[in-house]
């Protein structure tokens, strides 16, 4: 049987910022069940690589394929990719329920009950209707991460998702990411945190070395 092609594939990828080459000739791919951790020192291009894989930036050279299609600057509505950046990216005046309802509408709408269950999963039961600007940094991070507990894309691209989490939140997120991969999902992640649970499809790439 011919193996399925990678869901996400980057070929001969290069990135340049402020006239400086961050990386070049970079190849990577993800199939169902894979987790790819991107590492490297500050300034090596970790966030830039993730933004390239999301179509939020264009590479200096090379291309990114998502489900066999070249990923351009404008992703198609509802494409099978979920991006969570370093900042929670919440609307301060909206509640967690309202923020998540708006975010889910980009992929697969979710009702109040489903959103309530997602907030409960990240330890925010009872905070559904509190304006997000009143929440702590850790609570805002958990609101954003609640998106991972709602129906949606199978590919998650996450930039430093453990930021501002306590030890319980870190352990819960580690398990959720591993479970997602073991159920056929995919994760690309940057983190300074040492992961204690790795799925079978775990790999890492060090941008300082340019190797996977």
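Even glycines carry a Cβ here, placed using N, Cα and C.
Sequence annotations record features per position, and here Swiss-Prot assigns ATP binding site to 40, 41, 42, 43, 44, 45, 46, 47. Under the three-state DSSP scheme, residue 43 (ATP binding site) falls in the coil class.
For 8-212, the entry in Swiss-Prot reads domain 'ABC transporter', with the evidence type sequence analysis.
Within 8 Å of the centroid defined by the CB atoms of 40, 41, 42, 43, 44, 45, 46, 47, the record's ATP site, lie the Cβ atoms of 22, 48, 207, 208, excluding the listed residues themselves. Among the binding-site residues 40, 41, 43, 45, the residue whose Cβ has the fewest other Cβ atoms within 10 Å is 41.
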